[in-house]
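These come from TrEMBL:
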type: REGION; residues: B:17-40; note: region 'Disordered'
type: COMPBIAS; residues: B:20-31; note: compositional bias 'Low complexity'
type: DOMAIN; residues: B:46-178; note: domain 'HTH marR-type'
Protein chains: 2
Amino acid sequence: MNDASLKVSLDPDIMQRMNDSAAGRSSPSPAAGGGPDGRAFAAGVASRPSLLLARIGTALEAAGDDWLAPSGLNGRDYAVLAILTTDAPGTQQELARLLGKAPGIAVIAVDRLQEAGLVERRRDPADRRRSRVVVTPAGRRALRKADLLADDGLSQLLPGLTAQERDVLYGLLSRGASHLAGETSDG
Amino acid sequence: MNDASLKVSLDPDIMQRMNDSAAGRSSPSPAAGGGPDGRAFAAGVASRPSLLLARIGTALEAAGDDWLAPSGLNGRDYAVLAILTTDAPGTQQELARLLGKAPGIAVIAVDRLQEAGLVERRRDPADRRRSRVVVTPAGRRALRKADLLADDGLSQLLPGLTAQERDVLYGLLSRGASHLAGETSDG
DNA sequence: TATTGTTATACTCTATAACTATA
DNA sequence: TATAGTTATAGAGTATAACAATA
């Protein structure tokens, strides 16, 4: 986690192009990080596990783009690069499925990353309908940088926890939701 | 947590009216509970704490309405009733702030609950601009029922964890995000 | 003039449904 | 006929900005 190489240094072109749209989205929402004057969390929410978990997830998504800003990525970019790198889906439709979104969303996401030079589409010679999306070296650098930024952000979102406790938390989440990782639910 | 009284028995009228809109929203999204054939979670997501937490939060929100259906409430209703009961905000604007949404959203949410007879608006005699929202007995019954349903749902969302482990998880989340509960962030 | 509740409007995100090309 | 990618459209959800009532 604490590698010595934190300087990933993306191409300035890439960062500029992607920040064009990323910056436009970081509008100050009333819920995001902290309200103008009152408390951000209601006790009625904090005292109920399901509401608390939902609220933390929302807060994370709201803050995520800000965390990742130095990498030039937004949350969607990050998730897509992570899936492409780790799961290597053979088609964009599988990417969409792993992303949990409609196929059209994957098209837009890949378009965006491709324009930034972080991924490339490669037609499958065996079946020319399929286009395999491969991550470029610049994409891998961006993902590494985003991983570090995301970890930093998460530690800031949960400042009440030590690194050890965050590991426990992550372990519980990972094991608790592991049933969703490999099973074919009801197909 | 394990009270003997699980039968809250809402008025049939209330349940029918609120289910009119609640049922219409439970459309099968491709991400929600489990995809048609593939895995729901990508390894690239599951192996990254921030993406995993965001995804679990999304899955919870997607499934929440289904969990709460027997109570006649949706997730928004549940959160509002919880805040009204626990935090007792003096104005709708404070309710909106605690809810993390714009004031107009609170108006709509209170309208909905009021039509179902779960809350009532009471003009403040001292300052007639303010309307205090009070929870009716039916609203309190619905909230109690929803609390039980939400706990059940959460245990189903994380089947890999024992009840004890879920308590640990909740404790970590609660303590980790406690900084958001009482501090005035930057007002 | 400032604040509360309310309403109307515009914007963002997304699923759905076409459509094209390949098979 | 069926599947992958793509595009267009419609709908839900929300913030923003007005507005009316009250202070």
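Cβ atoms are placed via backbone N, Cα and C, with glycine included.
Note that the coordinates shown come from a computational prediction; the quantities given were computed from them, not determined experimentally.
Helix first, then strand, then coil: DSSP counts for the domain 'HTH marR-type' (B:46-178) stand at 93 helix, 10 strand, 30 coil. Looking only at the domain 'HTH marR-type' (B:46-178), the predicted model's pLDDT averages out at 95.
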